[in-house]
Amino acid sequence: MKIAVIGQSLFGREVYRELLKEGHQVVGVFTIPDKNGKADPLGADAEKDGIPVFKFPRWRVKGQAIPEVVEKYKALEAELNVLPFCSQFIPMEVIDCPKHGSIIYHPSILPRHRGASAINWTLMQGDKIGGFTIFWADDGLDTGDILLQRECEVLPDDTVNTIYNRFLFPEGVKGMVEAVRLIAEGNAPRIKQATEGATYDPMQKKENAKINWDQPAEAIHNFIRGNDKVPGAWTVVGDQQLTFFGSSFISNGPAPDGQPLEIPGAFRPAVVTKTGLVLFGNDGQKLSVKNIQFEDGKMIPASQYYKTADSAALQLSDEEKKFSEEIRAAWKRILTNVSEIEDSTDFFKAGAASMDVVRLVEEVKLKCNGLQLQNEDVYMATKFEEFIQMVVRRLRGEDGEEELVVDYVEKEINNMTVKIPHQLFINGQFIDAEGGKTYDTVNPTDGTAICKVSLAQVSDIDRAVAAAKEAFENGEWGKMNPRDRGRILYRLADIMEEHQEELATIESIDSGAVYTLALKTHVGMSIQTFRYFAGWCDKIQGSTIPINQARPNRNLTFTRREPIGVCGIVIPWNYPLMMLAWKTAACLAAGNTVVLKPAQVTPLTALKFAELSVKAGIPKGVINILPGAGSLIGQRLSDHPDVRKIGFTGSTPIGKHIMKSCAVGNVKKVSLELGGKSPLIIFQDCDLDKAVRMGMSSVFFNKGENCIAAGRLFLEESIHDEFVKRVVGEVKKMKIGDPLDRSTDHGPQNHKAHLDKLIEYCQTGVKEGAKLVYGGKQVERPGFFFEPTIFTDVTDEMFIAKEESFGPIMIISKFKDGDVDEVLKRANNTEFGLASGVFTKDISKALYVSEKLQAGTVFVNTYNKTDVAAPFGGFKQSGFGKDLGEEALNEYLKTKAVTIEY
C-alpha cells in the first residue's frame, strides 16, 4: 500500500520503520522544519532512505489550505495517510484525499480525554486504566470512528514518561502497524465513538500547571505526575518558582524527619528529608517528590534543597582532563549551532532538546563502560563544567547516591547490636505496607514478639512487580555486561560474609536455628551459593547447530540463552536465608529480576539481605522483598501477568495450587521443590558407628526441619536392636536449649502451629500401634521446644510411615536380611522422591540401590551432604526443577534459536 507518513518524533520514526518492514511503500514523509539546524528523527531517517521529505512550516493560512502544499501532497498519490504523532493542523483536503483516508494515533481510550494533553489528563484525574486509540481522522476534535484500542493498567506512581515508555510508545507502534495491516486486508472496522463519558481536555501549559494545595494528597500527587516532565507542576516559594518531578504517594507512616519548608497555601509545611521533599494535602496525607527544578532550568535532588553545592571543584587528573575534552567534543557534535563549548555553556540554553539528552547520555556511557547515567542527570548538571564534575565524581565512586533509609529495630543480643529492617523492600527502598498494616514475628525460643513487620497488600505486590519489570526492561541490570553482574554478586557475597554473625543471630532468633549451625550452614552456604553463581554470570552461552542448507544459499543456526524477566520466588521457613540464596543467586546470575516472598514467620534475614544488596550495588528494582501471607502474595505473584517464572519451595498441596494458577494465568515457567519422605536404607554390612552418627543427622539436623530429612529408616533385622540402642543413647546426650548458647545441640521448632502438628503426629503414631521409644512431647520450658523422638515397629500402612513430619522424629522399620529388592519396593512406595540414602560397604550393592531408588538425590554412606555445585531437586510429587549447580540456571533462562541465511 502507498502510504504518506505525516508527523514527527521518535514515535513517528519507529512507525515509519515498521511500515517499511511490513513491505508498504512510503511515498512521502511530511514533518516539521529543522530546529537549530537539526532535523526531526522521522525526517532524518526518511532522507537517509531516499524517501521524499517535506518540511512545511504550515499547511493552512487563515483557516484555508495552502494550494501549493496540497498539490505537492496530491502528486504523491498516497492511498493512506498515517499520522503517528502530528503537532500541525492538517487540512481536510489532505485528510480525505487518499483512497483509504487517514488514521491517527491518540494516547487515551477515546472518547475520554480528547485533546492534545491526553496522557497528562489520564494521570491528573487518577484514571486506573489508560491506553491508546487509533481512529479515522476527523476535523481535529478527536471524534472520528475508532479503528483499534489497547488498554493498560495505570500504576500508582506512573508519570507521563513511564507510562509512555512502558506501554504507549512500544505498543502504540505495534498498534499503528496492525491498523495499517487491517486496512490493507480490508478488515479495518469503523466504530462510532460513544457520547457517554466523553471529555475534551485543554492543553496543559506552564501557566495552568500551578499546584492547588487545597486538595487531598492523592490529588496533588496525580497533578504532579500528570505534568511530569512537561509542562511541570510548579509552586512559588519565596520569590522562586519551583517545579516538582518524581512524585510518589505515601499512603501511611510516621511524620518525616527533616527540615521544614514553608509553601504558601499548603496545608502544612513541607519537609526536606534524606529521600526527597515530603508534601501534604488538606487531608493530612503525604506525598514525596524526588527532584526540584529552578526557573533557570537547573534541577537538583529535592533532598539537597538546603545544601550548598560542593565547596570545592574537583581537580582533574591528566587522564580526566583528556576525558573532559572528549566529552566537550560530544557536546559540540550535538550543539552544532554553538561555535565553542565553554565551561559555562548551558546544554539547554544552547538549544538542546530531549532527544539530545538521550544522545548525550548514550555517548558518555559508551565512553565510560559501566557508568550508570540517567537522562535526569543531565537536567541536574546543565552547564558543561557541572556536567564534567558530576560524571567524574561518578567515575570516582563519589556520585552521592541517595542514602538508603532504614528504620531499624535494634537488639542487644548475642554480644552484639543487631540492626533489623522490618519494612517491605521495593525498588531499592524500605517502605511501609499499604494502610500501615503489620504483624508480629515471634522468637520461638520464648514465644515473644521480636518486632512488627510490614504486611504486604495487593497494591504493594503490584508495585514490586512493576519495579522489577522496569529494572529488567529499562534499568542498568538488563544492560549490564555479564561479567560486571558477576562482580556485583561477588561483592554481595563478601558483604554477607562481613555480616555473617549478625545474619546468623537474626536467623537464630527468628527461626530457632542453633547459632553455630546457622553460622556454618544457613549463612555459610548462602555465601557460598552467591559466590558460585557469581562465577557463572559470564559463562552462560548458547551453541551453533548444523542444519540443512537452503542451497544454493547457506544457513547458520545458533542459540541464545536469555533471562526470563521478572521472577517470583516463594521460600519456606526452615532455612530462611539459605532458601533465598539457593533460588535468588541463580536467578540473578541469569540476569533476571526478583520479587521474593519469605515465609511469613521468618522474614527478617530476607529483609537484612535486601539491605546488604544495596550496599553491594545491586540496582533499584532488581530485588524486592515482600513479607506477608502466602495466600495473598504467592497467589498474586502466580496470577500476575508480568511475572514470567515462579520458583517455589514448600508443601505439595500448595505447589499444586501454584502450578495450576500459573497455567491458568499466563502459562508461567514453574519450578517446584515440594514435600519429601526420604528413605534411608541401612544394611548390616555398614560401618555401624558412622551409620548411627549420620542416621541421627539425617533426622535431627536443624531440628528435623529439613526438606531432605530421612523420613523413614529401613534397618536390616540383624542390626536393628543395636542401632536403636545406640541412637537412644546418643539422643539422651543432646542438649536442648537456647539456640544462641554455643553448647546447644537442639533448638526450638520454628513456630507454635508446627509444634502442635508434631505433637498430633506423634499421638497418631502411638494410636496406630507404633512403639514410641523416646520423646514424643513438648519440652517443659518456655518456647516451642520438642523432644527428639524415636518410633520403632512402624509398618507400611501407618500414617507416620507415609506422611512427612518435618520435625525431629525418627521413624524406624525393619526388613529381612539380604532382601534388597523388597526393601527397595517399600522405600519407593511413596509419592515423594526428593532424597534418599544407603549405608553399606558393598560397592555393588550401593550402586544397585542408588540406581533403583526413585529420588532426585541419593546419599551413599553419608547424608545431608549438599553442595552448591551439585543439582538439588526431586521426582514425582516432590516436584521438578533444580536448585544449585549449573542445572539451576536452566530454571531461569530461556533458549532462543536464531537462523540466518546468507
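For all residues, glycine too, the Cβ spot is worked out from N, Cα and C.
Residues annotated as region 'Hydrolase domain' in Swiss-Prot, with similarity to another entry given as evidence: 1-310.
As annotated by Swiss-Prot, (6R)-10-formyltetrahydrofolate binding site applies to Gln88, Phe89, Ile90, Asp142. Under 8 Å, Cβ to Cβ, and six or more positions away along its own chain, Asp142 ((6R)-10-formyltetrahydrofolate binding site) finds Ile104, His106, Leu110, Pro111, Arg114, Gly115, Phe135, Tyr200.
Residues or ranges marked as active site, proton donor by Swiss-Prot on the basis of similarity to another entry: His106 (among others). Residue environment of His106 (active site, proton donor) contains 23 other Cβ atoms, counted within 10 Å of its Cβ in all protein chains.
Secondary structure from DSSP puts Asp142 ((6R)-10-formyltetrahydrofolate binding site) in coil. Sequence annotations record features per position, and here Swiss-Prot assigns site 'Essential for catalytic activity' to Asp142 based on similarity to another entry.
Taken residue by residue with DSSP, Ser354 (O-(pantetheine 4'-phosphoryl)serine) is part of a helix. Cβ neighbour count for Ser354 (O-(pantetheine 4'-phosphoryl)serine): 15 (other Cβ atoms within 10 Å of its Cβ, all protein chains included). Summarising the annotation, Swiss-Prot assigns O-(pantetheine 4'-phosphoryl)serine to Ser354 and lists similarity to another entry as the type of evidence.
Annotated region 'Aldehyde dehydrogenase domain' per Swiss-Prot: 417-902, in sequence order.
Taken from Swiss-Prot, the feature NADP(+) binding site covers 571-573, 597-600, 630-635, 650-651, 673-674, Lys757, 804-806. Long-range Cβ contacts of Gln635 (NADP(+) binding site) within its own chain (separation 6+, distance under 8 Å): Ser661.
A simple way to gauge crowding: the CB of Glu673 (NADP(+) binding site) has 28 other CB atoms within 10 angstroms, across all the protein chains here. Feature annotation from Swiss-Prot assigns active site, proton acceptor to Glu673; the stated evidence is similarity to another entry.
The active site, proton donor annotation in Swiss-Prot covers Cys707 (among others), and the record cites similarity to another entry as its basis. For the recorded site, Cys707 (active site, proton donor), the DSSP three-state label reads coil.
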If you average pLDDT over the region 'Aldehyde dehydrogenase domain' (417-902), what do you get?
97
Using Ile90 ((6R)-10-formyltetrahydrofolate binding site) as the reference point, find which of the recorded positions Ser354, Ile571, Gln600, Glu673 has the shortest Cα-to-Cα distance to it.
Ser354
Using other CB atoms within 10 angstroms as the count, which residue among the binding-site residues Gln88, Gln600 scores least?
Gln88
What is the biggest Cα to Cα gap, in Å, among Gln88, Phe89, Ile90, Asp142, the residues listed as binding (6R)-10-formyltetrahydrofolate?
14
Spatially, and counting Cα to Cα, which of the recorded positions is closest to Phe89 ((6R)-10-formyltetrahydrofolate binding site)? Options: Leu632, Glu673, Cys707.
Leu632
Looking at the recorded positions listed here (Gln88, Ser354, Ile571, Leu632, Glu804), whose Cα lies nearest to that of Cys707 (active site, proton donor)?
Glu804
Using CB atoms and a 10 A radius, I'd like the single residue among the binding-site residues Ile90, Leu632, Glu804 with the highest neighbour count.
Glu804
How many other Cβ atoms sit within 10 Å of the Cβ of Lys597 (NADP(+) binding site)?
27
Most crowded position, judged by CB atoms within 10 A, among Ile571, Cys707 as recorded positions:
Ile571
